[in-house]
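What follows is a short report on a single structure.
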Amino acid sequence: QWLSDRKKRALQKKDVDIRRRIELIQDFEMPTVSTKIKVSRDGQYVMAVGTYKPRVRCFDTYQLSQKFERCLDSEVVTFEILSDDYSKIVFLQCGRFVEFHSQHGHYYKTRIPKFGRDFSYHYPSCDLYFVGASSEVYRLNLEQGRFLNSLQTEASESNVCDINPVHFLFAMGTAEGKVECWDPRTRNRVGLLDCALSSVTADTEIEGLPSISALKFDGALNMAVGTSTGQVLLYDLRSSNPLIVKDHHYGLPIKSIQFQHQLDLIISADSRIIKMWNKDTGKIFTSMEPEHDINDVCLYPNSGMLMTANEAPKMNIYYIPVLGPAPKWCSFLDNLTEELEENPESTVYDDYKFVTRKDLENLGLAHLIGSSLLRAYMHGFFMDIRLYHKAKMMANPFAYEEYRREKIRQKIEETRAQRVQLKKLPKVNKELALKLIEEEGEEQQFSKKRKQKNLPNLLKDDRFKVMFENPDFQVDEQSEEFRLLNPLVSKISEKRKRKLKILEELEAQGEEEEEEPEGKASDAESSESSDDEKGWVEEVRKQRKLLRQEEKLKRQERLKEDQQTLLKPQFFEIKEGEEFRSFKDSAKKQKLMKKTLEDRLKLEEKLGTLNVSDTTVGSKQATFKLKKSEQQKKQQEAEKLHRQERKTLRRSASHLKSRRGRGRLFH
């Protein structure tokens, strides 16, 4: 941004990347995704369709800009330019619609019976052949303006079709992996190719039945077929066997096939890669993998230019000089490619030096901050490299002496590295670290002899760093698993423990010049190699005996502890108003809580605390009765007794009154 115009012009001559950033056609893009792209026969117009919203854009190559844009009612499956320019276009849309456009815009719209997937134009009879989700091929005559009798095929569905430009043979690719060829003059089928069977070779791995996804004629006799499993088959129409089968090895459907006649190449593309290969030998010429998925590829006629429709707004343009010259509307590309050289070019910042504020203070240039000599960038500044070298020479005139001292120090360190150096062991798992160091030394010697690559070491791997720092990862050598799985660890660990003690003593004393006590051959090591299996079995037996003895000792200690411990009674407090019956009540409650709701409802129904009845509406009504505690039951019983006593007293009082009244009457 802050480079001068002169510097930018000089940079464009040097930097290859900047020279490649050429916008051939202005705003050559779609709002979201481009699906199909084609070039008119006169080469002046490039037309592309995409979304969103569904639209078609026409670009004028002579003006290097967009000529017009038209929005459509539904997404375009494919389209065809019938005239030499943009004046007659046919669009096949998703909703079974076929839309015709003239020079001024929308002209006519009709509909086909089934969903279409592709169509071709037969120039001698002015017929459009539509294939799609049907066994029929629909014919629409543009001269008469009506549908003709359709062609009845054996296929359940058809994906693609094409018409030979020489003898006008109509070919269609089916979902069953076959290609049917029809003669438009007699409306009879003249040939059938089973491409699915021919695409299976010894080198290919196919999942499922390959269907035909691309079809293209080349001249009068050649035809290329692309399958949904990523194979391209080249046929001679006089033979039912393919001349060559090319596999993309991605398992993706072939989207487009183009023929390049100057170098006898076939350009085939799936959604991931564009491959160019020789049609006679199958040898790969080159391949391109764009950043986004590919929907369509268009080869500009008689040139080395490729255009792609992608799953991205930007439509890509590639120019490969080997394939042919540049089109006449961008002939300047040939001059640019001649100037491109493979020599290393200078980058943008070769003439500048990035320095921080601390570097400026060391150089004594801190007063230049804010001036035009320094350009602020991120956490520092850019300054001219010549000014930087001058300031460094003035600030540090003894740079050569420092350089000489640094070289001498490096030589001394190289000689010291030849001596035996002490190994710094970690704080955690020292024995394991020593074992790994020894194994690494042995592996290095072995790999030098065999000329193999060294394996990675755990000590240098950051993923296992915590194992030698955190004490929670300390290996417990007294555990049962360690002693049984590593029966020979006792013999090997003894030697390592000796070395570990010696190393710790040397570290404490700081004697760097002493030789490390390694490589001492012992009789134990030679004997271990001879009777390895016997020693392993004996060691396992010993370890098991020791483990049993330790278990017995532990049991005896537990028994002694149990005998010595005195059991004290425990007291539990009961809530007021509750009586303690037994511990069975709590167990019953726990069992009851574990049961499902259905089981608990059945149990409560038996006890009489639940009553389930049907209502008039058709639903169920459940009535629950709360359980009464013992205290509530006692209160109810006392109330009942009190009521009975009051009733008896009332009865006795009324009886006495009646007797007194009778006595008075008698007197």
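Cβ coordinates come from backbone N, Cα and C, glycine included.
It should be emphasised that the depicted structure is a prediction, and the values quoted were computed from it without experimental measurement.
Straight from TrEMBL, the features:
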- 1-343: domain 'Nucleolar protein 10-like N-terminal' (DOMAIN)
- 348-396: domain 'Nucleolar protein 10-like second' (DOMAIN)
- 461-487: domain 'NUC153' (DOMAIN)
- 507-517: compositional bias 'Acidic residues' (COMPBIAS)
- 507-536: region 'Disordered' (REGION)
- 623-667: region 'Disordered' (REGION)
- 627-642: compositional bias 'Basic and acidic residues' (COMPBIAS)
- 643-667: compositional bias 'Basic residues' (COMPBIAS)
Provide the three-state DSSP residue tally for the domain 'NUC153' (461-487): helix first, then strand, then coil.
16 helix, 0 strand, 11 coil
Composition by DSSP (helix, strand, coil) of residues within the domain 'Nucleolar protein 10-like second' (348-396):
21 helix, 14 strand, 14 coil
Restricting attention to the domain 'Nucleolar protein 10-like second' (348-396), give the mean pLDDT.
83
